[in-house]
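**Q** Take a look at the following structure, please.
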C-alpha cells in the first residue's frame, strides 16, 4: 500500500537517515509521483504487484523509494481483475496474505519519521475506504510519532475535490498530537509535490517526527 522513502538529509541531519512511508489506495498516483520526482516526467504505469525500487535526488536529499503497491480489498480486486489469466496471481496473493492485507506492509513501519498519504481526489466513491485506511494507519503504535503529509492528488481531473473537501472527507480534524498538512497535487502536471516536500523537510528539520 505505498512507497517507503529512506532518505539521507546530508545538509540537514549529517549522516542521520529519515525514513518516510508513502501510502495510499491502489491507483492513488503513488508510482506516478515516484517517477515524476525521479525523472521529472510522467511515465505510463500499471498497478504495482509486489514492489519496485528507485532512488530520487531532491535538494541534496537522497530518497530510496520502495513502491509496495496499493491497498486493494480482496473483494474489490476480484471485481476489477476478472481475467482468467490473472486468477492464479490473485489466488496466490490471497494465500500469501501479502498484498491484500495490512500485515504485509506493517514490517516497514519501524523507525518511520513521516507518512505521506496519497489520495485520489477524483475518486469520491472510495474516499470512505481511504479514510478508514488512513486512520487505521495512524493507530499503529510504531507510527505514533510520525509527521503526516497528505497529497490530495489528481487535481487535474474533472470533479476532483479541493484540499478543504478532502480534509473533511478524511476527517483530518481528528488527528491529535502530531504535525500534519495537506497539499493539492497533480502528479501528471507536477504541481504541489515539491511544496509538500519543502513543508516536510522544514518540519523534520525543526524536530518533528
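Each residue's number is its place along the chain shown, starting with 1.
Placement of Cβ uses the backbone N, Cα and C atoms for every residue, glycine included.
As annotated in TrEMBL:
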{"type": "BINDING", "residues": "24, 25, 26, 27, 28, 29, 30, 31, 70, 153, 154, 155, 156", "note": "GTP binding site"}
{"type": "BINDING", "residues": "31, 48", "note": "Mg(2+) binding site"}
**Q** In which DSSP state, out of helix, strand and coil, do we find residue 31 (Mg(2+) binding site)?
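**A** DSSP call for residue 31 (Mg(2+) binding site): helix.
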**Q** Inside 10 Å of the Cβ of residue 28 (GTP binding site), count up the other Cβ atoms and send me the figure.
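**A** Counting Cβ neighbours of residue 28 (GTP binding site) within 10 Å gives 27.
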**Q** In which DSSP state, out of helix, strand and coil, do we find residue 154 (GTP binding site)?
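**A** In three-state terms, residue 154 (GTP binding site) counts as coil.
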**Q** How many other Cβ atoms sit within 10 Å of the Cβ of residue 156 (GTP binding site)?
**A** 14
**Q** Give me the long-range Cβ neighbours of residue 154 (GTP binding site): same chain, 6+ apart, Cβ under 8 Å, in sequence order.
**A** 29, 120, 121, 122, 123, 160, 186, 187, 188
**Q** Over all shown protein chains, what is the count of other CB atoms within 10 A of the CB belonging to residue 30 (GTP binding site)?
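**A** A count of 28.
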**Q** In whole Å, note down how far the CA of residue 24 (GTP binding site) lies from the CA of residue 31 (Mg(2+) binding site).
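**A** Between the Cα atoms of residue 31 (Mg(2+) binding site) and residue 24 (GTP binding site), the distance comes to 11 Å.
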**Q** For the binding-site residues 24, 26, 31, work out the Cβ neighbour count at 10 Å and name the residue with the minimum.
**A** 26
